[in-house]
Structure formats: C-alpha cells, structure tokens
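Asks: Quick paste of what Swiss-Prot says about this protein:
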ACT_SITE  Y136  active site, proton donor/acceptor
ACT_SITE  K164  active site, schiff-base intermediate with substrate
BINDING   T47, I206  pyruvate binding site
SITE      T46  site 'Part of a proton relay during catalysis'
SITE      Y110  site 'Part of a proton relay during catalysis'
Amino acid sequence: MYEHINLITAIITPFNAENEIDYPALDRVIDHLLETGTQGLVIAGTTGESPTLSHEEKLALTQHIAAYVPVDTLLIANAGTNNTVESVRNARELSEIPNVDAILAVTPYYNKPNQRGMIAHFTAIADASNRPVMLYNIPGRSAVGLTVDSVVTLAQHPNINAIKETTSVAFIAAEIEQTQNDDFAVYTGEDAQTLAAFVHGGAGTISVASHLYGREMSALFTALAVGDWQEAGVLQRYLTPKMNALFAFPSPAPVKAKLHDLDMVENLTRQPILPLNVAEKKALDKLLEDM
C-alpha cells in the first residue's frame, strides 16, 4: 500500500473570513501540493487544525478531498481522539468514504493511558475500521507515547500497517528492526529527520514543509532512491533550517502565512492558534531568508 509513497503532506485546512472551511482555497492548495511532488495527504491532522474542526466538518472535508484528488493520491483520514468510542465511530464513518485509503489514529492525549490502555485503544479502532490503520505516536503533544514493544505488538494486528513516528530516528530504527514486518511502514513525522529516517529503513515523511518545499523534498527522495547520498545530503542541509523555522511559532500559522504570500489562502487560523502578527511574520521571513 505504501510502496514508493515517500512524500505525504499533512495538509492545512484553509478558512475564510466567516471562519468556515474555504474549499476553493483548499483546492488551490491541493493542486499546488500535487504539482510539487506530494503523493499522499493526511486529512484533518494536527496541521489541519483537527482539534478545532467539528465532526461534521471533518466528514465534509474528507469527502471533498476524496472526490477532488486523482484516485492514485494516497488519502489518510484522521479519526483519532482521546475517546476510544468516538475514535471508533470516526474510523467507521471515515473508512466508508470512497477513495479513503487509510485511517490515522493518535496516541490518546490528556487522559494519559498506560501501554495496555493504548494497545486496547488502537486495537478497538483497527477492529472497527474498513481501512488499514496508521498509528500516530506523538508524545510531545499527547503526554504519552507508545513504546517500541507496544508498536511491535500492534503491528501484528492485520489491520494496522503503518506508523507516523515523531520521536527519534533511533526509535524509528528500533521499530523497523523489531517489527520484522515488510508490510509495516514507518514514516517520520519530523521533516528534519527525512534523510536519517530513510537511511534506517523508513518509508518516507509525513510533512508540513512540503507545503512550501515540495519540489526540494521530492528531489531529496529521488536522490535517496538512486543512492546519490551527496545530493541527498546537500538537499537535507538546505532544507533542515527552513523546516525548523516553520515551527518557530505555533503550527500551522507559519505555513499559512507563507501560503497567503503565494495568494493561495487567507492568513487565518482557528483559536486558540492565532495567525502570525506583523512582528512574527517579519521574524519568520527573516529566518527563512537567512537559511
């Protein structure tokens, strides 16, 4: 399923002045991403401001994207919450949408379950979904994270076939080595880890920076595929400071500000994330220019 799919973008959700989803702007962003090398999309993830989207908005957003993109675009719909019953419902409904390929489920945040609880949570989602499930391990936002042993256990489930891992390259390497399952794909969720994760056997990157640097990231994966390590290193060194700069302020505000510069979206987020103010935008521009 994930073979040769290296660059997946966690797509933003554009909003209009009425604080509604801006579908014409969304289509412009999708066109831009596909033209610059994105092979798949994560819908309504963290970058898509999932915490501020209603259940109805998430369904409508997923339905729109699934109907808009070419059928060979990999689509991963985010079903995850910190409520197992709600996550199961989301997974069932989202997995029924035509052209949705997989379901994303995040480590439960705030209520801080232990490993046994997280395994039960993900198992319930995978049991309910009509599409394969991608785990999302992000302890920096969830306050809890899956251990390698838990990932190995979950990878044995017939309907869990991937993970978005945001911890460390060492963690990624351990997951790849210990799952010993060629059908289980490990993606980094950290743009700056792209080269290192791939070297350790990672499938690719679920990216934020690809909104702005898709061509360069696509070229990086091309260089890696043909073993041109020198070119890959040059590209990663060029990209890493820019990737980090896009998180100098709460995401996705920096990416939205830069896409606004390209006349693709309004410079709008949903609270509690605020758009960059003038000083922040100036600082971001300087960071990106200096790097």
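Cβ atoms here come from the backbone N, Cα and C positions, even for glycine.
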Asks: Can you tell me the CA-to-CA distance separating K164 (active site, schiff-base intermediate with substrate) and I206 (pyruvate binding site), as a whole number of Å?
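Replies: Taking the Cα atoms only, K164 (active site, schiff-base intermediate with substrate) lies 7 Å from I206 (pyruvate binding site).
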Asks: Do you know offhand how many angstrom separate T46 (site 'Part of a proton relay during catalysis') and I206 (pyruvate binding site) by C-alpha?
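Replies: I206 (pyruvate binding site) has its Cα 11 Å from the Cα of T46 (site 'Part of a proton relay during catalysis').
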Asks: For Y136 (active site, proton donor/acceptor), which DSSP three-state class applies?
Replies: strand
Asks: What number of additional C-beta atoms lies within 10 angstroms of the C-beta atom of Y110 (site 'Part of a proton relay during catalysis')?
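Replies: Around Y110 (site 'Part of a proton relay during catalysis'), other Cβ atoms within 10 Å: 8.
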Asks: Taking DSSP three-state, what's I206 (pyruvate binding site) in: helix, strand or coil?
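Replies: SS state of I206 (pyruvate binding site) = strand.
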